[in-house]
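Residues or ranges marked as Cu(+) 1 binding site by Swiss-Prot: Cys22, Cys25. Per Swiss-Prot, domain 'HMA 2' is recorded for 73-134. The annotation Cu(+) 2 binding site is assigned in Swiss-Prot to Cys84, Cys87. Residues annotated as transmembrane segment in Swiss-Prot, with sequence analysis given as evidence: 265-285, 293-313, 329-349, 359-379, 474-494, 514-534, 541-561, 801-821, 865-885.
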Amino acid sequence: MDIPQGGVIMNHFALALRGLNCMGCARKLERQLNQDLTVEIETLTPTSIELHTHATLNEVLTSIESLGYQGGTEQTYQLQGLNCGRCVNKLTTHLSAQAEIAKLHVSKERLSLVTTLTAEQVKALVAEVGYQAIEAEQESTFAPAASIDEKETDTPDAENSSNTEATEASSQTLSLLIKGMTCASCVASVEKALLSVEGVQSAQVNLTEQSALVRGIFANPQPLLNAIQSSGYQAEILDDPAQQQAKQQAQLEALQKEHKQSALLGIALGTPLMLWGVFGGNMMIRNSSDQMVWGGIGTICFALLLTAGRHFFMNAWQALTHGRATMDTLVALGTGAAWFYSMLVVAWPQTFPDAARHVYFEATAMIIGLISLGHYIETKAKSNTNRSLQALLNLQPQQATLVTEQGDQSIAVADIQLGMSLRIKPGEQVPVDGVVSTGHSYLDESMLTGEPIPVLKEAGAKVAAGTLNQDGSLVITATGIGAQTMLARIIQMVRQAQSSKPAMARLADQISSVFVPVVVVIAILSAALWYLYGPDPKASYMLVVATTVLIIACPCALGLATPLSITVGIGKAAEMGILIRDANVLQTASQVDTVVFDKTGTLTLGKPSIQSLHVLQGDENQLLALAYALEQQSEHPLAKAICDYAKQRNISPVEISQFTNQRGRGLLADYQNQTVLVGSLAFMQEQGIDLSMAESTLEKFAAQAWTPVAVAYRGMLQGVLAIADPIKPTSAQAVRKLNELGIHTVMLTGDHTSVANAIAKELGISQVIAQVLPDQKAQHIQALQQQGRKVAMIGDGINDAPALALADIGIAMGSGSDVAIESAQMTLLNSSPTSVVSAIELSKATLRNMKQNLFGAFIYNTLGIPIAAGVLYPAFGFLLSPVVAGAAMALSSITVVSNANRLRWSKISFDQHSQ
């Protein structure tokens, strides 16, 4: 908003600030602004500034950035309606005229800017020239913030990108908390409602968490809420993972309380009635006194239906008005029919044959009580399935210590800005992602990576939110806050995976969606058959059979069979430092029979180091000083190993001149007017250096797959350094266990065959494919698949990305490149090969658990419904009681939930949590 000041219009800006650590920084900024511009500052803190100035926003931001700080709010939008370059120019001209907008970039599909305007104001400005802007939120994935920024930044070629790419890049993922779902039929209804909304690309509804993840392009999320409401449910959007978890927990606790009260009321009333009948008490209406007594009991039972059973009837009615049937429909029909029949008998006994004047009030009460008890136990168990996610959320502290010029200050984690300096004291958890600026300490990263050994952190080392500082004190600079911390991305990835569904689960959902209507039809047909062909009293038998069929059928068990197993399995994987992108991975990983390892960074540490030093002339220090002098000017991967080794030995490089790098062969330079050579054996031979004196040493190096780097001076070989990429301590364990499981192991590497074979022999790898160019790795994966193998590829580099994407399962090391991680369906945060074994075993255990749950649910319903319909009566005279049916229904759900939670205690190799 512009205001007049001394007769001159001045601009008013309220800007967010980043990079300022204290009020000293703020005062420094104030001096810079007054030096560069004419400003009147109203308020100034390390995180915000409000000022009046004649300058434009661009000029203000330039002044702020001259000190290394950042100001303003970055906003990104997906654009619709721009068809050509003229449209882009039109919008650019219109927005450029706004003083509150800076750093503007417009393409046909995308708008990015820094502004003091709100999102609604920006959308309104875009609408003024006939276009539409939609806020673009990149889907959270396990990738560093920098890589996300790179993906979202437009390039000059952005206009030529396909519409598909633009759509995918701008997709939002919204988390919804849903209230009112009770069974798989509800899940199907909610998914159908969400998918009917324009712009929705996918919808994943989770019965266990009472939540939904919706992906698509939304100008306004309100239609999603309207669609759910029109289906008879309630929903709200939750962006904050901690808030979502808290609300889900509160919802579960409220349901527990409701089910507990209903169970107590139902069982308290039903138990004496049932015992009265069991021990020979009269439950027939024979005279007026029976009518009075049972009429009173019927009234009490009606009150029970209005209180403890109220939610069954309300949910059933709501489902009916929306043209569907749910588990509540079955309970409401069964208990309602039993009560209504009994009241008819009480009111007009003369209309029924003597043998049919039996009342079933005990069935009404006990069914409500037992099913509510089952729901209570089930809901309590559900809250345990989210324990892994809650543990992740609990890792981030609420307060942090901000380092300022005035001393340390306590600050809320939500108020931390990028660039702030934070002190991490012994025993404290790291509040945000950052880089260590001063201090050193060991950090326990086991809660994120599953790796129990603390990791040393010194200046320059990266730290992640949620890790635990041990005995030292650190000062870190915040580099990732809020949703961009590794912890937040892990939580989002786990939540998405838990809401996804493998093929087996989708099949179960399809069956569940038609289950209730089929059961209602079976109940009606059974009642008709008993009425037509059953013994007297027909009406009584008809009621018992129909009620029992309705009550015993349990879509709840079917609906929970797979989501619970997935939630527990993926949660356990997260505890072990294994991130799973989609639940389908569990099903595929359980079928893997071939594991392909990249070598560098996967089986090895990816950090070449000196393994041995053989001196022929002079001493070690002179040899290292010569090698260090040349290698410090090289970019070769092995050069760093030599330089680091020399630094560790406190060796100083000699002064050289005339440095020459013969790329891929070796290095030359002059030292004291004599030539120094450092490089490969082939390079030495080209330069006429005699290697025969080191022949036995070189053979020894070759046998151990060490790479020799020779050093020559004055035309004579001075010595040889052996360099190798050390094998990870856990690689041999992983390969040995995979071989025990009958899984074929393969090493796929670009390294020399001799080196690859030596490492494969040491580790016990079955097959070696060496000297493979980066673009050929995917071809070798395809060749293995053509042999009928189910292939898992494990890699960490950019060159592994195509192979990771092509494999049946792509597994990326958490220490690897962002491209590799994005191409994989699974990420190992601890970068340990043993986690591959754990992931495969856990996938098999989860799939086995899902099959057990589905088998149990199907068998229960397949046997229970016919028995309830009375198929055993002609041969054995046995007819199931509605009360027993209610108990069986409750027990089936409890069994499924308990079996899913049993997965938490499965013995998985190399799992520190189960040792």
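Using the three backbone atoms N, Cα and C, a Cβ is placed for every residue, glycine included.
In terms of DSSP secondary structure, the domain 'HMA 2' (73-134) contains 22 helix, 23 strand, 17 coil. Between the transmembrane segment (265-285) and the transmembrane segment (514-534) there are fewer than 3 Cβ pairs closer than 8 Å, counting only residues 6 or more apart in sequence, so the two stretches are not in contact. Between the CA atoms of Cys25 (Cu(+) 1 binding site) and Cys87 (Cu(+) 2 binding site) there is a gap of 42 Å.
The C-beta environment of Cys87 (Cu(+) 2 binding site), restricted to residues of the same chain at least 6 apart in sequence and closer than 8 Å, consists of Gly81, Lys108, Tyr131.
All protein chains considered, the CB of Cys25 (Cu(+) 1 binding site) has 20 other CB atoms within 10 Å.
In the three-state DSSP scheme, Cys25 (Cu(+) 1 binding site) is classed as helix.
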